[in-house]
Amino acid sequence: MEKLKYEPLFETEKGKGRILYRLFATSLFCGIILIWIYRLCNIPNSGENGRYVWIGMLGAELWFGFYWFITQSVRWNRIYRHTFRDRLLMRYENELPRVDVFVCTADPVIEPPIMVINTVLSVLAYNYPPEKLSVYLSDDAGSELTFYALLEASRFAKHWLPYCKKFNVEPRSPAAYFASLSVSDQSDADFSKMKGLYEEMANKIDVVCKAGTVSDQAKLEYKGFSKWNSYSSKKNHTAILQILIDNRDEETKDIDGVRLPTLVYVAREKHPEHFHNFKDGAMNALLRVSSEISNAPVILNVDCDMYSNNSNAIQDALCFFMDEERSREIAFVQFPQSFGNATKNEVYGSLRVIDEVEFHGADGYGGPLYTGTGCFHRRDTLYGREYSTEARIDLKSACPEKMEENVHELEERLERLASSTYDLNNTQWGNEIGLKYGCPVEDVLTGLTIKCKGWKSVYYRPKRDAFVGVTATTLDQILVQHKRWSEGDLMILFSKYSPVWYGLGKLNPGLVLGYLIYCLWSPNCWATLYYSIVPSFCLLKGIPLFPQVSSKRFLPFAYVLIAELIYSFAEFLWSGGTILGWWNEQRIWLYKRTSSYMFAFLDTMLKLFGSSNTTFIVTPKVTSEDVLLRYKQEKMEFGSASPMLTILSTLAMINLFCLMGLVKKLILTRELGLEYVFETMALQILLCGILVFVNLPLYNALFFRQDKGKIPSSTAFQSVVFALSVCTCIAYM
């Protein structure tokens, strides 16, 4: 019998224009070296004015050049992947593995139950055999409101799932689906009936959420509510496990008579005396519980605000796990994060360049970071299994065997796996097994340790986004979010799992540099703060820090500045951004580096010396109507007073006062000659001018806006007074 020809389930394509980019990067690096040489050769002698300022400029430029070099690692070796789902189904249609889906939520106030169940419904409706699909919702708040919403969703699913399959619906989040259709598409009778059912369910959930409690009548309808009592709270409740849809039960079917996927609600026990390890603790509890119910060899985890936008995402991921020749070393498949509420020009920046460029580059060296959502895992790798060329994980599987115990007995038995003390009983959970504990970015740390055991990951961006979530809608939210990310990444750098020493010899050197891009986010603050303040102060004092425009030594500075700006602009547009979006990205880049990253760096240092504890702040997914209106109009929201906002306002005012001081000396008092100033301090004027221009929305919020999104008066007063005092002192020193 003739042997069948091997056909790969996925293919890899190298990024275009790599040679041209390498030539450009080499020329830019030569320009950076010339700048370093200029600084080193022209340091003022001891005792001369500006010596320490000059050394500071050298230090900042050394850091910028070093960090730029690191970022090139993920731009030199980009790869892109494509899957062949038809080949997968032709080969394994009856042997597809079981898949467990983990959805995590932590607070019904900032993560509304209606949003959570839309995510759950979207993954329940995957284009995948229902008997091989199980969905687990982790509710860390132990909220009866979320449980009620999930109970209603389990009933609605009996209508929604057959509707999705009948009409090949995309996306399969009901809210997103109904919102995506035009009026002309809503005349169908089936559509009207389904929308009516959804609105009925949504109204029930809305009434309960507004009341803050489930009615006694609703509690009597389902026994599961007996698990809650008057003492239950977000931070103190018993373990609750409820199997709302049991796929083992042949009577559990939708309205077309097709069996439904398993649906499980889990609220792990919380007690004030026991540290609960945030999301990583919740994920580990789901790993334990699911191992006793479905024990699927493949696990998908998504955040509660990130619904499935592509019903074939599981099949795409399995193409990477089930290829006969190239899947052996793949531990997880990471999909990008997309955001449905992002504005056209992304007023608070985006992850666009990371998703479109950097992660594709990391994929060329062994795979991207695990980012905590939209990721498919092999279960065994999360259990700490090391890669071996001899061993092979067989994912092909039949449905699980029916267990003897009934649902109630199973629920009671498994609740102990979600107890608050389970991790404390001399287990390896959080250390050798499951997600790692002790880091704000447990996902990045876990992915790193998996790769250090010999595994690789894959980054895949399908034509239709696999997952769509909700991005921050205020400046404060984005700054706090990036503080947590950059703080966690820096903690990894100083931990025993640092990619520099733990990953040495285990990871591709290019991938080590790729991890360092994010691990060194927060140290960027000091060079950026120096460049944002000191050149402006020297401009006010009339002290030149750069070569004269007519000098040949000016050329490397001009080339590096212009070339880097042009490349950054082109890269952003190539990634699908807009011109104004690029400008907004530069503003947020500055704001993150001078506020979020600085606080992240300081907090990390305090933790290293035992003076601070790890905290986890959930980004709110609820926005008031007036804030949402301003967000859609792309007006920045400064409304909340905070230390980070005070710093940003003060820096903006310092640069404005320095520029105004120069104008005063040039035009009013004529202390400085116009030709001399532009000859000797052109780059300082340009730098200060850009910093002022990029802060125009902040000045508007300081002095002109009257809505609630303006900068609070107390913050404005502090910033103006402090900046004016400092600039006055500098001017008369």
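One-based numbering along the chain as shown.
The backbone N, Cα and C atoms fix where each Cβ goes, and this holds for glycine too.
Predicted automatically and left uncurated, TrEMBL annotations should be read as such.
Computed from a predicted structure; not experimentally measured.
TrEMBL annotations:
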ACT_SITE  Asp140  active site
ACT_SITE  Asp443  active site
BINDING   Glu111, Asp140  UDP-alpha-D-glucose binding site
BINDING   Lys279, Asp303  Mn(2+) binding site
TRANSMEM  20-40  transmembrane segment
TRANSMEM  52-70  transmembrane segment
TRANSMEM  512-534  transmembrane segment
TRANSMEM  554-574  transmembrane segment
TRANSMEM  595-618  transmembrane segment
TRANSMEM  638-662  transmembrane segment
TRANSMEM  674-696  transmembrane segment
TRANSMEM  716-732  transmembrane segment
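Where TrEMBL records a feature, it is marked here on the structure.
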residue	record	contacts (Cβ under 8 Å, 6+ apart)
Asp140	active site	Cys104, Thr105, Ala106, Asp107, Ala267, Arg268, Lys270, His276, Lys279, Ala282
Asp303	Mn(2+) binding site	Val103, Cys104, Thr119, Gly372, Thr373, Gly469
Asp443	active site	Leu369, Tyr370, Thr371, Gly372, Thr373, Cys375, Leu435
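Neighbour count (other Cβ atoms within 10 Å of the Cβ, all protein chains): 23 for Lys279 (Mn(2+) binding site). If you draw a 10 Å sphere around the CB of Glu111 (UDP-alpha-D-glucose binding site), it holds 26 other CB atoms from the protein chains shown. Sequence-distant neighbours of the transmembrane segment (716-732) (same chain, 6+ residues past either end, Cβ-Cβ under 8 Å): 537, 540-541, 646, 649-650, 652-654, 656-658, 661, 702-703. Panel annotation: around the transmembrane segment (674-696), residues 531-532, 535-536, 538-539, 542, 544-546, 548-550, 554, 557, 561, 583, 586-587, 590, 651-652, 655-656, 658-659, 662, 666 of the same chain, lying at least six beyond its termini, place a Cβ under 8 Å from a Cβ of the stretch.
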